[in-house]
Structures are given as C-alpha cells and as structure tokens.
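Some features that TrEMBL has for this protein:
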type: DOMAIN; residues: A:68-258; note: domain 'ABC transmembrane type-1'
type: TRANSMEM; residues: A:20-41; note: transmembrane segment
type: TRANSMEM; residues: A:62-90; note: transmembrane segment
type: TRANSMEM; residues: A:110-128; note: transmembrane segment
type: TRANSMEM; residues: A:140-162; note: transmembrane segment
type: TRANSMEM; residues: A:236-261; note: transmembrane segment
C-alpha cells in the first residue's frame, strides 16, 4: 500500500511538524553514528595496526582466495546439490502415489524443521568423521548440511512453482494424449522453472549466509579467515566489520540479480509463496487431480 | 539413544535454554520490528531511509557475524556492551553475559525479518480499504487503528510465524557462542558417545521438531481464529 493513500496531503501545520520530526530523526541518527565512531576511536579500534591486514596484499589475497572463494564454492555446491534434491523430492511430493508422496513429505518436513547447525554437527561427527584434514571435513559437512536444508526448502518452492502453472496447461497436455511424465517434463517443468528462478537465487543468499554457520564446527572459508586473523592482530572489531561487509556485498549482488531476473522473466507477478514449515492442511498436492 | 535417556534432565535443561532464548528474543525482536516497520511506512523520509538501510544491511549479514560482534567485538568498543553486568540465576538456569549477547544478536537480526513480515501485512490490505476509510472522514489515526492495522495484523500472522520459526531454529547458533542450549548439548553428547550418534541426532532433531510444531500449530490456530469470512 503506497503511503500516499494512508496519509492526507500534509497541510502547513503538518509540514512544520514533519520538519521537526525530520530534524530530530537526523540528529538522533547522526548522534548514534557519531557515538559509534567516538567509541571506536576512544577504544583504539581505529589505529592503523588494527586495520593493517586489510591493506597488506598477502592478507587480502588470503581473505579473497582462502576465504571468499571457498565460501562461494561451498554455497555454489550446496545450491547445485539442493536443486537436485529439491527436484527429486518436489516431484515426489507431487506424485499420485501415496507410498511415494508421504516419505517425500516426511523427508522434506524433517530437514526444514531441523536447524542447519544440528545437521552440520551430525555430518561433522557421524558422516565425515574420518575425513582428513580438518579443513576438508568441515568443508564437506557444511556443504552436505546446506544441501539437505536448502534442498528441502527448494522442494517446497518447486512444488509451489509447478502448482502455480495454470491448471489448463496440464489438462490440455493430457487432452492431446501425453503421459504423466511427459506432462511434467515437457509442459509443467519448463514453465515452473521460469517462475522459480528468482526464488532459487534468493535461496542462494540464504545458503551463502548459512555457510558462516560452519563456525560451529571449526569454521571454514571467511569465518575461518576471521579466526586466523584475530590472534595475530587482536583486531576483532575491524576483522568482523571487513568480513561482514564482504558477505553483505555478495548478498546484495545476488539480491539485485534475483530482482533483475524477476523483472525480466517473470514480470511484476507476485513472488512465489511457500508455506511455512509444519503448516497444516497443505500437505497433499497432486496437480493432476481435478480439485 | 541411551545417553539421551540417561541424562534426560540435561537434555530438558538444554531445550529449556533454547525455549527461553526463543521467548526472550522473540519478544524483543517483535518490539524492535514494530518500531522499524512504523519508521518504514511512516511519512518521515529520513526515518524511512534509516529503517530501510538497517533492514538491508542486517538481513544480508550472516547471523554468526552478528554473534561474533557481540561476543568478541562489542565489549572492546564499549565496556557496557560486554554484558558482564548481567548475572541472573533462576533455579538451575543461569543468565550470564553469554545469554544476553545471544539475545541481543538474535533480536537485532530477527527484528528486520519481523519488520518485513509486518510490512507485507500492511501491503496486503487492499488500497480501497484505506480510501474508503478516508472517504467516510476518518482521521489518520482512525484509518490506521480502525481499518488498516486490524487487517494488516491478521495478514501478517503467517509470515510472522515463519519468522519466529526461523528464530527458533536460529537459537542454535548460540551453541557456538557459549550458551549450553540444545545444539551445544547435542555436540557434547555426540563427542562423548561415538557409538550412539544417530540416536542422539534423531532425539535432538525430534526435540526441535516438537518445538517448531508447537509454534506453527499456535500460529495456525490464531490465523483460523482471526480469519474474517
């Protein structure tokens, strides 16, 4: 709802009042920022020594290559895995056969309800327990845990995407004599993918952010770099600001990409809505029955 | 599984911390989120921008980095922010600086998602409703309190519930930052009982699923109760 409808066109008194609010607002925000900088300066966080590693080529390279690149790699692998997982279980959830639908529903709901950290700890100790060195072990634990979680979310996105294709499409395909598999792969999927791409890119943001959860199991990628810089320079504040900025930057790029794709391929249509985990009454969803 | 059953009181205590983290940061994030959304949809352009910037920055930051800041960084910048002044003990539960830092991080992080959920609720109210309310001569406060907000509140229950469920799952991040909640307890068990890892994982996963189901059932009930027509 645009604000213009909520509010009357302000008269002279309201304009004056808004001006006062604006000044108070600016003063409050400027005060907060100034205080933050004052504390940073007064506590000695703004000295060159604290920020030195971020001006040293050796460290910049390490942060970008051993940090950012590894983090992006993990997110990328996890998303690829998640798409595969999501397609399999999304189609499974849409199946006409109850013996296939229910197990798929159970798996998807399970991985959607369990915190990623629990999955990571489990993968780290039980599945990749024998992996050496520690770095690879953490790496694959993070990738597998994120694959399972994001895969479950994408399965739901996928189901919503297929259901969002107008019903007439499937009916028409059946009418010209296509089989169930053909309807899915030739008619529903290609149209659903177009609707789903923005949601998948948004899920990349989630996956990228969640790679940081690897901190629980020794850390890998950017969080690991943070851990390695702390003891040498004692510059926790500076390091956290720099590493967080890198995450924010990449995520903003991804968000921008998702919006661009949405505008270009989907139009101003509403973004796919996915039911929340454990929502009741939305569990059956064969697209082929005539509801 | 035996390990879990033998030390069931430890498991319960761990999930108690999880539930408390969820409850306390849930309250704070809803309060802060409401403040943010009123800045976001309000008529003051400066506050509007400020809220938008805050939401964009924080929701793109990994929660771990926010935890890291309040655990390792904030105390060095300003003494008050090391939360050493918090030292409350109720029964066998201890609420120390670690717990407080976790609550602060979770609240600051979740508040943006709460704000977005509430805003989507406001956006879901059809334009004609506000126009009609204005047409019958209601002042701004009347438009808001009698027409827009009651509908917006109903519409924002499902996204708000999703946000709170995410918060519940996010409390597990505190495991890496000194709070002995469920995920941390599971890590200890998994480390000590190598032969029972599957059972331990299933047990703790079930604990989380039960909590999630409780929240989502509650949300569904509220949604049904408040649904109009």
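Keep in mind that glycine also has a Cβ here, set from the backbone N, Cα and C atoms.
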With Cβ-Cβ distances below 8 Å as the criterion, list the same-chain residues six or more beyond the ends of the transmembrane segment (A:62-90) that contact it, or say none. 54, 104, 107-108, 139, 142-144, 146-159, 162, 200, 203-204, 207-208, 211-212, 214, 220-222, 224-225, 242-243, 246, 250
Counting only residues 6+ away from its ends, which parts of the chain sit with a Cβ under 8 Å from the transmembrane segment (A:236-261)? 40, 45, 50-51, 53-54, 63, 67-68, 72, 197-198, 201-202, 204-205, 208-209, 212, 222-223, 225-226, 229-230
Per the Cβ under 8 Å criterion, with at least 6 residues separating them from its ends, the transmembrane segment (A:110-128) contacts 137-138, 140-142, 144-146, 148-149, 151-153, 156, 210, 213-214, 216-217, 277-278
